[in-house]
Structure formats: structure tokens, C-alpha cells
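Working notes for the structure below.
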């Protein structure tokens, strides 16, 4: 199974960014991800055996229970690997970014412990706006996203998704929520 653990922005945050992008959507040189699939990936696991999922959920629930809610906003933007040869265009994150970084580290450790091997890429908190079929120059989009500053939202849970390739609209991935794991007050050393 293709799985990922993520933070899902509030409905207000998603609607605000969607409204900001709406008049520009047709001019995008990339496929914009549907707003209902927007999220901040903490750990991506490309190939997880079904029998490992229950252990993964238990370990991620423990990670979530050790966290308290924190505030974030969607802000600015960028491209991977860079604006001159972009394959991914993203919206950045502001606020308790250090909390997101720590949560990503704990989430990846839990995935490793469950045998769900997360990707080894360097982590940078972001929301993927869209992907390009081949590298392209997107400096105008990065400058545009740099003008964006969305409303503050409260991250209160960690969500584990399954990604089903080609099963969504226009053969895009379909994301299925496997578990929503609320943050708790179980702060242990």
C-alpha cells in the first residue's frame, strides 16, 4: 500500500488558498491538485504491507497522543528542486514550523519502527499545489505564492492516508483516510 501521514489544514485555510488561486488556475503551467486533497505530508511510505498497517496506526497514535495542538498558516511558496527547473510547486507554512519538523521526525521514526520505511528525502514543511510532467520555469508562480498569507489554523490531529494511484478524477490519485489521530495531552519525556 502507498501510505502517507499528514496534517490537513482547516476548511477555512483551504478555502482561502483556493479563492486566491481561482482567477489564476487556468494559467497554471502545471496540474493543480484538487483542494480536497491538500495536506502537509509528514512521512510518505511507498510500499507498506497490509499486515503492517495496524502496528503503524498504533505507533502513529502514540506519536499524536504526545503532541499538543499548535497553530500554522499557509504562507509563501516555492518549487522543487527550484523555480528554474520545477517538478513540484508548493505553498509554504508559517507559525509553529519547528513543531511540524519535530512531528515529521517522530512520524518517520514511528514508520521505521513499524517496518513501513518512509522515504528518505529531506523534510521541508509545505503543501503541494501541483506537479509538472517535465521540469519547467515557474518563477512567476513562486513570486505569486510569495504574496500569499493565509489565515491561522490549528493543527489538532495527524491523519494516515492510503494513496490509490489512478483512481481519482482524471486518473489522479485518490486519497483514503485510514486513521485520524488526535493530538493529546500525554506529554512524556
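Placed from the backbone N, Cα and C atoms, the Cβ positions cover glycine too.
Curation plays no part in TrEMBL annotations; they are all automatic predictions.
Small disclaimer: the values here were computed from a predicted structure and weren't measured.
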Of the ranges 126-129, 130-133, 134-137, 138-141, the one TrEMBL annotates as motif 'HXTX 2' is 126-129
For the C-alpha pair, I'd like the distance in angstrom between residue 39 (active site, proton donor) and residue 126 (active site, proton acceptor), rounded off. 8
The motif 'HXTX 2' (126-129) - residue tally per DSSP class, helix then strand then coil: 0 helix, 3 strand, 1 coil
With H, G and I counted as helix, E and B as strand and the rest as coil, say where DSSP puts residue 39 (active site, proton donor). coil
Averaged over the whole of the motif 'HXTX 1' (39-42), what is the pLDDT? 96
